[in-house]
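What follows is a set of notes on a single structure, which appears directly below.
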Amino acid sequence: MRITQYQTVWQLTFFPALFPVNCYLVEEENEVTLIDAALPGSYKGIIQAVNQLGKPLQHILLTHAHGDHVGSLDTLAQTFPHAKVMISERDSFLLQGDTSLRQDEPQTPIKGGIPKHIQTKPHQLLTGGETIGSLLAIPTPGHTPGSMSFLDTRNGTLIAGDAFQLRGGIAVSGQIKWAFPFPAFATWNKEEAIKSAQLLADKAPSCLAVGHGKFLRSPSERMRQAIQKAKKG
């Protein structure tokens, strides 16, 4: 596991050389929030990192319900029983293994690794606009119907799940980067992803943090370029 810090955010990267999978610890004054639960075997590194910060883990936020973002959820929820688990209302169905679409959604199939045996039940379902400590919840559908991003309002760090990727080059979810095509292959709807990417770019974040790839500081121009490329196909 590799640990990288940007201001209040700690990036934990598993398998950094081969198939980098990130989750994040966001440090508050008196507590810590975990964003995503990485892979099934990632819990040891996550627990170690939480303990190193020396503050109680109060929240576990999930950007979406793919297996490489919720893999250690059950173990972490058991280890930190006071931590409140939160996911979007929409992706809470995916967390239960339900991949059916709603009538008002684009009827493209949900892709990617959907967990089938998660036992943990969320304490709160997010719809967008909620604040969890210093984090603002932003709905960003596209990679999955209920994908959610989180903006640290203290410093502008944006934790965007798989709304963008940075491994293999920056790209909007659904835009294939052949050096690392897996996020695109797992994307539900590229058109929705482009809309969400534009919403995030309009936030003018100071740093972009995603599920796959290193921190990108001052990302606005590169985000806009990636959006234009995605629009062109």
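Just so you know, glycine gets a Cβ as well, placed from its N, Cα and C.
Taken from Swiss-Prot, the feature Zn(2+) 1 binding site applies to His64, His66, His143, Asp162, supported by similarity to another entry. The secondary structure of Asp162 (Zn(2+) 1 binding site), as reduced to three states from DSSP, is coil rather than helix or strand. Cβ neighbours of Asp162 (Zn(2+) 1 binding site) (same chain, under 8 Å, six or more residues apart in sequence): Thr63, His64, His66, His69, His143, Ser147, Ser173, Pro183, Ala186, Thr187, Val210, Gly211, His212.
What Swiss-Prot lists as Zn(2+) 2 binding site is Asp68, His69, Asp162, His212. When Cβ atoms from all protein chains are considered, those within 10 Å of His212 (Zn(2+) 2 binding site) total 21, not counting its own.
There are 25 other CB atoms within 10 A of the CB of Asp68 (Zn(2+) 2 binding site), with all protein chains counted.
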